[in-house]
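Database features (TrEMBL):
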ACT_SITE  GLU329  active site, proton donor
ACT_SITE  ASP462  active site
ACT_SITE  GLU569  active site, proton donor
ACT_SITE  GLU597  active site
DISULFID  CYS526-CYS555  disulfide bond
REGION    130-176  region 'Disordered'
TRANSMEM  45-65  transmembrane segment
Amino acid sequence: MYPPSRKDFIALTLSDQHSRSYNNGKHRRQSCWRKWKQLSRLQRSLILFLLALLLICGLLSYPSFSEQWRGMSDRAVREDWDEDWERGLKPVPPGVNPVAGPAGGPAVGLAGVVVGPELGLAVGPGLIPEVIPEPQRPKVPSIPKPPAKKRPFPNKRGPPSLQKERNVSDSLVKPMEKVPVEKVPVEKAEEEEREKPLVRWRGAMIEADEATEPPPSAHEKDAAVPPVPVNPEDTAPLAPVSVNPVDRLEMVREAFRHAWKGYKEFAWGHDELKPVSKSYGEWFGLGLTLIDALDTMWILGLKEEFEEARKWVETELSFSRNVDVNLFESTIRILGGLLSTYHLTGDEMFLEKAKDIGLRLMPAFKTPSKIPFSDVNIGKGTAHPPRWTSDSTLAEVTSVQLEFRELSRLTQDPQYQEVVNEVMRLVHKLPGKHDGLVPMFINTNSGQFTHKGVFTLGARADSYYEYLLKQWIQGGKTEPDLLEDYLEAIEGVKKHLLRTSGPRKLTFVGELNHNRFNPKMDHLVCFLPGTLALGAHNGLPEDHMELALQLMETCHQMYIQMETGLSPEIAHFNLQPYDGRDIDVKPADRHNLLRPETVESLFYLYRFTKDTKYRDWGWDILESFNKYTRVSQSYLYVRQRSASTFTDLLHLITRKTFIG
């Protein structure tokens, strides 16, 4: 038996007919904190988890509730606005037809609201007859647009095409009904008002950052009203705004000068400019930006800037340095830049510098397998693989051939061409390919493919396919192995990597990971439209050009479907057949490295088809770079990638020179 529970307190109750009852039992109640401490750790954790879950759900549901509340408030404000408008607006006299805005500019609607070109009409503040009184607008700062069906972007940024659409849709008004021009009695006018539909102002709004001048006052509007109606035949039709090609050329020059000014002031002679911090960064300490921009300055006719850079190359550039450089990057930027400038200028100094760096890169090919190491010490004459692996990426070891072969042709020294041709012969015979598609890595000791089963035209494999065709053209179309590998690879792409998106049927190139398709396309893959077009131009199958046109449209969509008009580094395509976005961008890929592949392909497509839309697409990309990557001193160069059309032209001219 258990002993009776022991009570260590006395309950005392005091009562009074003039006072409330009192019980000291409430002091014995345990506090909430003591009760919380008495719970087990599991119970406390479970309660905290549920509270956190509720908080997260509340935060996630907040935007939808706020949108609904905003929509309700917007409707209420618009209804008040419509009522005020209906009370203050008079009928429009006949004979007053819509006209364009002043000076051939955008059309202007009531009270100066811009009207979109698709409406084909507008009414300016100076063109409203006197019989129409000033509309009574509600005293609110601005009225947002009605809630759209699609989810709006989180900010006002957007590509140029979308910005134009927003500027139009933000100022739509309904067309006006015609009424007789002669003056009518007040009673008749009121009767007509009841019969005629009134003009309503739906969602008109001028953005704060778009309104450069304050709206005119009521007296200014009255003073601007003409005494007679305007003849519709005298009005100018709306015309799309176009930029003169000469103006575009000057704007490209200005963009380069702006970038070059920042480099000259803060990073002269160094590898890259860091424009935000106004400092510089080094890869190899060899002036990569300066050398890479030499032929660009020559093409743009910037002779003064070119002479300054040439003097630095002649007097300051020395390769006798104890520094490790990457074989691939040094070849395409230093060796390629020097050879390209030599072809444009005929200056022997650039060829001598090219021979110097070419000879210092040769130790990279002294490996057991003849597959070059990735890193070379140009001062000591030694080479080695990266510290973490003995593999080299396939794109790097098969994308130095154009420059080394050209160096042999110019110097009449065959050693450069022999080492790079040996690499291509080895890759041609290697097992492990999948219908012409190759893995991404190759071992420098064994000379065999590694990490098999993954096939992509993106990073680590892209330029292998590009250089197959260009080497074949460069060699006078006399090397059948190169052509065979290229054609087989294109067929492998069609068979295994080519798909179309669900919503808009965009053709794209994905990846194959151990026989599993991944709808992932790197921006690097946008080299393919230009390469396919180049092959078709040189006698390869016509369906290559058809595929090039389809892929070019996809690469263009990767830009214009983004808010900034700039492509992400990687895009994932939607394969489901329902309405929605074709392209999905993961958080880790929401950046642009200012890569040149898309504009390179646009260059080829414009040259081969003469379709000016490709030049216009390139211009839109340049404008987006100007808008979103330009800082006070220079462009925001990332990893020395091209920042605009003028630097993309550098890569195109370099390759075009090498392939004859």
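Cβ from N, Cα, C; glycine included.
Just so you know, TrEMBL annotations never went through curation; they're auto-generated.
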Winner by Cβ contact number (other Cβ atoms within 10 Å) across the active-site residues GLU329, ASP462, GLU569, GLU597: GLU597
When distances run from the Cα of GLU597 (active site) to each of the recorded positions GLU329, CYS526, GLU569, the nearest one: CYS526
Integer Å distance between the CA atoms belonging to ASP462 (active site) and CYS526 (disulfide bond): 10
For GLU329 (active site, proton donor), the one of ASP462, CYS555, GLU569 that lies nearest, given that the recorded positions are compared by Cα: ASP462
Euclidean distance between Cα atoms of CYS555 (disulfide bond) and GLU569 (active site, proton donor), Å: 12
ASP462 (active site) versus CYS555 (disulfide bond) - Cα distance in angstrom: 15
